[in-house]
Amino acid sequence: MASLSCSANDLAPLLTTTANATAFADFLCTQFNTISKKLSDTTYAVDNTYLLFSAYLVFAMQLGFAMLCAGSVRAKNTMNIMLTNVLDAAAGGLSYYLFGFAFAFGAPSNGFIGRHFFGLSDYPSHYGDYSFFLYQWAFAIAAAGITSGSIAERTQFVAYLIYSSFLTGFVYPIVSHWVWSSDGWASSTRTNGDVLFGSGVIDFAGSGVVHMVGGIAGLWGAFIEGPRIGRFDRTGRSVALKGHSASLVVLGSFLLWFGWYGFNPGSFLTIVKNYGDNGRDYYGQWSAIGRTGVTTTLAGCTAALTTLFSKRLLDGHWNVIDVCNGLLGGFAAITSGCSVVEPWAAIVCGFVAAWVLIGLNKLAVKVKYDDPLEAAQLHGGCGAWGVLFTGLFAKGEYVEEIYGIGRPYGLLMGGGGRLFAAQVVEVLVVCGWVTVTMAPLFYGLNKMKLLRVSRDEESAGMDLSRHGGFAYAYHDEGDDESIKKLGFMMGRIEPAGSVSHSAGGHDSPMPKTAPPV
């Protein structure tokens, strides 16, 4: 590469005669080319650094999932659910490296499945760099983490390994290829064929691709396994099996909130791009990234507050667990349209998402469906609403900035119905695809007795029966005396003078601590 240094001694010999005009022009062109190359290298470096830091944020969501899951289950299953979260990342890493990334982004390919870059062979290429792989892997394991919450507290360890590898290595990559690859049949950036309804699907960061896939997979797993022991009594009445730590739930929710700023704004993949051809030199992709962070924030906040007051009216309590789930439901919903909607529309998205979650939870109780983390309702239901919301509220200006001029936009924004039709197709196809792949897998595992643990193991707790001991010196309400006598364990501390309701409905004094055994 030519040096960028330039001095009078360099130029003087080239100006002595007219004959040196060509040499002088060559010299200047070389300098300009060198500057251009430096600027190009800097752009690549900045964009890759931005994507890497976004990948780190998305990966940090695994810690949020782990804390949320741990707090939402009973103490006797804490080590089990924490280990499954670790395995989602570990097993998902290998399966996505070997197969998943190739199926998702192995270009050039057909509209259904990718066919290059298995084991990252011939990669990096002009299609992407290692930072892109890392970012997409973090998304893949997020989908697997969603599913693990639905089947918590009763699932065999081997089943986790099998479904996690299959989901991250095949099921999820196919959907991401359809929607995010430039070759995918539903992609809004498709280059080798007709775009669906002249629009393609706008699922910017994955309300459908990630959240619906993980949520629907969890729906089938929990449905085939059946409810946890004690979740519904003999008369069919719902019995709350409360998680053991609201503190961990809140910690996990805040970690997920933090990570969502890599999940949504990071999905731009690059940051150095100017939109200033309209005279606004200050306006560029960095502005759209900031707007995406704002819409993400507003949707989550609105959903949290809507859940807070709605549940207070419905149940009479200010429940922090419900608020955290509402918050996450708002985030899951806005993920699809976060980059193409106005901030006021994000408030609408969060408000509706809260009621979608509340309604689906009521329905789950009626049909005796048991999901310890409400994952299917939250990610599947709110994710589906988010995909449809984008088809209604996407703004034409923002769609053109990201996807090109002349694209259809939101139905309620005057853009016609083509985008909304594409969004409906995505919801239906994702539901169908995950059903025909994950339902048979869970059904087969169940038939081979590889899915659910035995009744005795479930009653004793997964930590004791499968992992060699408890995570805490602690016991849950409702544990029988045989579990409590296995060692010294503390009970919950209650305020002085508090009472608890026995199974017969009578009030009885509640001791401050359980006596040592």
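Glycine is no exception: its Cβ is also placed from the backbone N, Cα and C atoms.
Residues or ranges marked as domain 'Ammonium transporter AmtB-like' by TrEMBL: 50-472.
Here TrEMBL flags 50-73 (among others) as transmembrane segment. Tertiary neighbourhood of the transmembrane segment (50-73): same-chain residues 81-82, 84-86, 88-89, 131-132, 134-135, 137-139, 141-142, 145-146, 148-149, 152-153, 243-263, 265-267, 269-271, 321, 324, 372-373, selected by CB-CB distance under 8 Å and a gap of 6+ residues from either end.
Using a Cβ-Cβ cut-off under 8 Å and counting only residues 6 or more beyond its ends in the same chain, the transmembrane segment (94-113) has close neighbours at 119-120, 127-128, 132-133, 136-137, 140-141, 164-166, 168-170, 172-174, 176-178, 180-185, 190, 192-193. Look at TrEMBL and you will find 94-113 (among others) tagged as transmembrane segment.
Annotation comment: TrEMBL describes 133-151 (among others) as transmembrane segment.
Tertiary neighbourhood of the transmembrane segment (158-180): same-chain residues 84, 87-88, 91-92, 94-96, 98-105, 109, 111-114, 136, 139-141, 143-144, 147-148, 151, 186-187, 201, 203, 206, 208-210, 213-214, 217, 221, 426, 429-430, 433-434, 437-438, 441-442, 445, 450-451, selected by CB-CB distance under 8 Å and a gap of 6+ residues from either end. Residues or ranges marked as transmembrane segment by TrEMBL: 158-180 (among others).
Sequence-remote contacts of a segment are chain residues at least 6 beyond its ends whose Cβ falls under 8 Å from one of its Cβ atoms, and for the transmembrane segment (200-224) they are 139, 142-151, 155, 163, 167, 171-172, 175-176, 178-180, 186-190, 263-264, 266-267, 332-340, 369-371, 375-384, 386-387, 390-391, 394, 399, 402-403, 419, 422-423, 425-427, 430-431, 434-435, 438-439, 442-443, 446, 451. Per TrEMBL, transmembrane segment is recorded for 200-224 (among others).
Among the features that TrEMBL reports, transmembrane segment is placed at 245-263 (among others).
Residues or ranges marked as transmembrane segment by TrEMBL: 344-364 (among others).
Long-range contacts of the transmembrane segment (376-394) within its own chain (CB-CB distance under 8 A, at least 6 residues past either end) are made by residues 146, 150, 201-204, 207-208, 210-212, 214-216, 218-219, 222, 325, 328-330, 332-337, 340-342, 345, 348-349, 352-353, 356-357, 360-361, 364, 369, 409-413, 415, 419-424, 426-427, 431. Annotation comment: TrEMBL describes 376-394 (among others) as transmembrane segment.
Summarising the annotation, TrEMBL assigns transmembrane segment to 420-445 (among others).
What TrEMBL lists as region 'Disordered' is 498-517.
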